[in-house]
Amino acid sequence: MNKSVLIINCGSSSLKFAVLTTPGNDVLVEGIADRLGIDDSSITFKHNGTKNTLPLTDSSHRQAVTEIKNWLDQHESIQESIVGIGHRIVHGGETFTSSVIIDEDVVKGIEECARFAPLHNLAHIKGIKESQNLFEGLPQVAVFDTAFHQTLKTEQFLYAIPMDLYNRHNFRKYGFHGTSYRYISQELARVAPESASQGVIVAHLGNGASTCAIQNGKATDTSMGITPLDGLMMGTRSGSVDPSLVSFISNAENISCDETIDLLNKKSGLLGVSEISSDCRTLEDAVFAGDERAKLALDMFASRAAKSLASVATTLDTLDHVVFTGGIGENSDYLRGKICESLRALNITINSEKNSNAPRGENCIISDETANVKVWILPTNEELMIAMDTISLIEQAH
Ligand code: AMP
């Protein structure tokens, strides 16, 4: 069997996992532990086309990792193929500019970055510590969502606030979805080698949504900020708003600043505007049935995505490729069409037939062959990137 990597993506109330072979990218087993820290929590294993769900009586991350270990103990050939564990880490601050093998200093560094992403980074540490206990001796690697954006120039990542606040607190733009953008940049260079020395803008449009500009394979700007709330309108996030709105909402609704930020994170975006759903597919069905509010929400989403793509493109030498990825970017021909329509002034046009007939789950071009700016759909694969980083760091260490 090929070498494989156990990938762990530990959230505050869930833990997603997968065992991926590399090379080959076969998923040997995958699953999710849900409702951790709440009640009725359970873990589901998907293996060989079957699904098996077990209750987690103490609802803990520890029990979730223990059940993964128990499952692997019963599937020896998979267990023996695992050469390391790759952890997805949301915030690496300015400390982590690439993936690293986890040691005590790395755990401390992730802990320090928790001030910007407390729910996520503290959950990641739980996942790392439980994995260290249960998979003793297996090397573990941390892969950061922020790392790819560490190449942004100072003029791009600073907020125009007193410099002292950056110097004392590291308040700046970090950006997220970096593992996805790194995958897209490498995949585009594989299918269109000239792109490695060209200018690319990418829209990662899913429940969370952001944009990124990439010149010569390096990130030059991105839409998310110190947290993922900034930039595009998303499933439940507002994206960028006038910061004064926080104080207006807080005063008008008599809620705290933190509660207001929670409202902007969890009750806004497609959900807040449509008052129907945060899910693009559900809204597209509603538009089809004639719902005007669903249409307004999707059109706002498209308009903001287009503006953001145009904005990040200002950091490129030339604009040669546009890439759509993420659940919405890969699947919604309506939104791709709307976004590209708003980008016509930048010479970005697509072939509407290619757009509507794009095959699901495959790389494809949706611009005309003669187009100066090529428009692509490239399905992202963050898990593969984590597995590849894990294997390569382990091999370098030997
Ligand atoms: P992600 O967070 O990348 O998994 O993307 C989730 C988003 O992709 C949700 O809003 C889904 O409704 C959307 N999505 C998935 N499949 C489709 C589809 N066939 N058409 C439109 N949107 C889709």
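Positions of Cβ are set from backbone N, Cα and C atoms, glycine also.
Feature annotations, reproduced from TrEMBL:
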type: ACT_SITE; residues: Asp145; note: active site, proton donor/acceptor
type: BINDING; residues: Asn9, Glu382; note: Mg(2+) binding site
type: BINDING; residues: Lys16, His204, Leu205, Gly206, Asn207, Gly208, Asp279, Cys280, Arg281, Gly327, Ile328, Gly329, Glu330, Asn331; note: ATP binding site
type: BINDING; residues: Arg88; note: substrate binding site
type: SITE; residues: His177; note: site 'Transition state stabilizer'
type: SITE; residues: Arg237; note: site 'Transition state stabilizer'
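Overlay of TrEMBL feature records on the structure.
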residue: Asn9; record: Mg(2+) binding site; contacts (Cβ under 8 Å, 6+ apart): Leu15, Lys16, Phe17, His87, Arg88
residue: Leu205; record: ATP binding site; contacts (Cβ under 8 Å, 6+ apart): Leu232, Ala305, Phe324, Thr325, Gly326, Gly327, Ile328, Gly329, Ser332, Leu335
residue: Asn207; record: ATP binding site; contacts (Cβ under 8 Å, 6+ apart): Met234, Gly235, Thr236, Ser278, Gly327
residue: Arg237; record: site 'Transition state stabilizer'; contacts (Cβ under 8 Å, 6+ apart): Gly208, Pro228, Leu229, Leu264, Asn265, Lys266, Ser268, Gly269
residue: Asp279; record: ATP binding site; contacts (Cβ under 8 Å, 6+ apart): Gly235, Leu270
residue: Arg281; record: ATP binding site; contacts (Cβ under 8 Å, 6+ apart): Asn331
residue: Glu330; record: ATP binding site; contacts (Cβ under 8 Å, 6+ apart): Phe324, Arg360, Gly361, Ile377, Pro379, Thr380
residue: Glu382; record: Mg(2+) binding site; contacts (Cβ under 8 Å, 6+ apart): Arg88, Thr179, Ser180, Tyr183
Among Asn207, Arg237, Asp279, Ile328, Glu382, please name the recorded positions whose Cβ is nearer than 6 Å to ligand 1. Asn207, Asp279, Ile328
What's the number of neighbouring CB atoms sitting within 10 A of the CB on His177 (site 'Transition state stabilizer')? 29
Taking the Cα atoms as reference points, how far is the residue listed as 'active site, proton donor/acceptor' from His177 (site 'Transition state stabilizer') in Å? 5
Output the one of Lys16, Arg88 that, of all these binding-site residues, has the highest number of other Cβ atoms within 10 Å of its Cβ. Arg88
Roughly how wide, in whole Å, is the group Lys16, His204, Leu205, Gly206, Asn207, Gly208, Asp279, Cys280, Arg281, Gly327, Ile328, Gly329, Glu330, Asn331 that binds ATP, by largest Cα to Cα distance? 23
In the three-state DSSP scheme, Asp145 (active site, proton donor/acceptor) belongs to coil
C-beta crowding around Ile328 (ATP binding site), within 10 angstroms: 27
DSSP three-state assignment for Glu330 (ATP binding site): helix
Within 10 angstroms of the C-beta of Asp145 (active site, proton donor/acceptor), what count of other C-beta atoms is obtained when all protein chains are considered? 25
